[in-house]
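Engineer: Have a look at this one before I ask anything.
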Protein chains: 2
Amino acid sequence: MKELRIQTEHHQYPVYIGSKLRFDVGSMLNKQYDRVLIITDKNVEPLYLQEVLQSFPSSSQVSSFTVPASESSKHIDVFYQCHTYAMENGLNRQSLIVALGGGVIGDLAGFVAATYMRGIDYIQVPTTLLAHDSSVGGKVAINHHIGKNMIGCFHQPQAVIYDTDTLSTLSNQEWRSGMAEVVKHAFLADEVLLERCFTLPAFPSMERDVLEYLLMRGIEIKANIVAQDEREAGIRRYLNLGHTLGHALEAEAKYVLSHGEAVAIGIDFALFLSQQHHPSLTFPIERYRKWLQQHQYPTSILHDYEITNLVERMKSDKKNDQHDIRMVTLNEVGDPTTVAYKVNEIKEQLLVYKKEVSRV
Amino acid sequence: MKELRIQTEHHQYPVYIGSKLRFDVGSMLNKQYDRVLIITDKNVEPLYLQEVLQSFPSSSQVSSFTVPASESSKHIDVFYQCHTYAMENGLNRQSLIVALGGGVIGDLAGFVAATYMRGIDYIQVPTTLLAHDSSVGGKVAINHHIGKNMIGCFHQPQAVIYDTDTLSTLSNQEWRSGMAEVVKHAFLADEVLLERCFTLPAFPSMERDVLEYLLMRGIEIKANIVAQDEREAGIRRYLNLGHTLGHALEAEAKYVLSHGEAVAIGIDFALFLSQQHHPSLTFPIERYRKWLQQHQYPTSILHDYEITNLVERMKSDKKNDQHDIRMVTLNEVGDPTTVAYKVNEIKEQLLVYKKEVSRV
């Protein structure tokens, strides 16, 4: 088992990464909780719920609530149902919520914990590769019909407990989704990690020690940035690399496209913009595009949507100041920056980019 | 104009109290906001909205959203509508929300600000006496059908701007409601303030300087307690004096009884319990009960409800640990404490109390 400590402004918590940890969730916590509510989804429930449930000592009264396994669970009605269930099961301010699942469950259960009786403890037990990103940093939220993650807050977990075995049941699309965020962290901070990503075989067949390495480094890079800027006032914005276009694509594709697949395309566009600013530098764009093809990222999907609609969605991104669209780009690998674009500039750049990738 | 600084763990903000301040809200802030959303209610809108709106410089784009003037506005649907309206009006992370109204508006608008794009600035512009209590301390929430204020968090305002003129339009019931919290603060910390309360004429006819004094001292006492315990882990519980029975009564009376009227009865019960623990001390119970009668608090309402139902509601109070009901009582005026009661004990005490007050 590997262990990391995450330091935020007013709080510190451990991340454990290893095999079979789901059997020890309850006993790994340094507090006893009289009442525990596990929030999970319909896919994860039959696989791991019983094991996590039984990991708690018999002195804890543990209940569980299962929601649909899709982005639609980040709906305000589901959020309210979770609260109802928590109250009906007698959760109080000294109780614990466990987020057992991927990013959707982490965001939903974390926001329930953040707002239940004005905030109670919760832990993350991620079951996807993508959740290595969302389970660290304390950002929790539900969706609004106008935009993703628009209703939420910051609420740090008490611990993140990552059982690597649970990743064996992921689909190819989920592997792609998670690897996009690993690659993002590599582009932001670590050329060695990037090289390791580029030389991977088919994702599901990667060795356990490689997987643990990718998770550790991904989480470390994210945690370092979050530690310096918990509330996204400054450099935390860099974590948004690939996300401005990514979120717009994801919303246009009505969540058919996975989060990471959309971000992977967004990163490609960010690299394209970076090259406009630094034509003399060599970014590994070609290698990145080959890697996207090799692992069957749906790169051609950009052609299915109107640039105008995408730009409209990019305008409403939470990270924008006032009227410009703020994009994260790279000066080089490991050296991110942000650039503000006028709406029309982004539109033009997207048109040029679309032409360029259609030639590939 | 009087000014107070409120110090919380990670944040400091001013409280301004004085006449005609509603005309200066926009210019009193030490930040410029491009976009501002004023959330108010149907009663306050025709009286003060335009004046507050026009207090902002023309460089700010100010919109407003009006909700029904009742506790029912702390409903999750209204909360969601506020978010929709904020998005449609282009509010971003650098925008401001203004809570213009009483406690309902402060709680609702504050919780919208706390969760809009994971938290933006807001200010309180209270228009009731009761809001002297709720506008300070950063507690924001909406109701769940199972209990009041069950969904919420802590989010400190940037400023509280109290225009004492706006209190001239309050009903007698609203005066009673607000004065109950002033008296609560007096019982917790200030015998002189308590004496001043006991000698007041009819509330609406009190002089301006008396009103400013009551507001200042009430806010100061609350702020001192909150400064020591922002997240309600310890002594902030004392502010709950009168609220355990108060909330239960309020819920049983389906919000017909005002918050403070219910709390006033709850304080009487807390004094009764305090006397059980300290039979040798003289609490001013008789003076307090006369004061309640003099100002027409609906003290007989306790007889309309079943003790069993009230106790059921008291059990679900957020402040309880595990299985006991935790009550705030007094060792003497200015020296609060908490006592945990078994459910059956509280039931018995309530029955004895009911008999005692029916004899008065």
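Residue 1 is the first one shown; counting continues down the chain.
Just so it is clear, glycine is given a Cβ too, placed from its N, Cα and C backbone atoms.
Pulled these features from TrEMBL for this protein:
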- A:G103, A:V104, A:I105, A:G106, A:D107, A:T127, A:T128, A:K139, A:K148, A:T166, A:L167, A:S168, A:T169: NAD(+) binding site (BINDING)
- A:E181, A:H243, A:H259: Zn(2+) binding site (BINDING)
- A:65-176: domain '3-dehydroquinate synthase N-terminal' (DOMAIN)
- A:178-320: domain '3-dehydroquinate synthase C-terminal' (DOMAIN)
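Structural setting of the listed features?
Structural biologist: Neighbours of A:I105 (NAD(+) binding site), defined as other CB atoms within 10 A of its CB across all chains, total 31.
Non-local contacts of A:E181 (Zn(2+) binding site) by the CB criterion (under 8 A, 6+ apart in sequence, same chain) comprise A:L129, A:L130, A:H132, A:D133, A:G218, A:G260, A:V263.
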Engineer: C-alpha of A:K148 (NAD(+) binding site) to C-alpha of A:H259 (Zn(2+) binding site): distance in Å?
Structural biologist: 11
Engineer: Give me the largest Cα to Cα distance among A:G103, A:V104, A:I105, A:G106, A:D107, A:T127, A:T128, A:K139, A:K148, A:T166, A:L167, A:S168, A:T169, the residues the record lists as binding NAD(+), in Å as a whole number.
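Structural biologist: Looking at A:G103, A:V104, A:I105, A:G106, A:D107, A:T127, A:T128, A:K139, A:K148, A:T166, A:L167, A:S168, A:T169 as a set, their Cα atoms extend up to 28 Å apart.
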Engineer: In Å, rounded, how far does the Cα of A:D107 (NAD(+) binding site) sit from the Cα of A:H243 (Zn(2+) binding site)?
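Structural biologist: It is 17 Å, counting Cα to Cα.
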Engineer: Once the chains shown are all counted, how many other Cβ atoms turn up within 10 Å of the Cβ of A:H259 (Zn(2+) binding site)?
Structural biologist: 26
Engineer: If you count, for each of the binding-site residues A:K148, A:H243, the other Cβ atoms lying within 10 Å of its Cβ, which residue has the minimum?
Structural biologist: A:K148
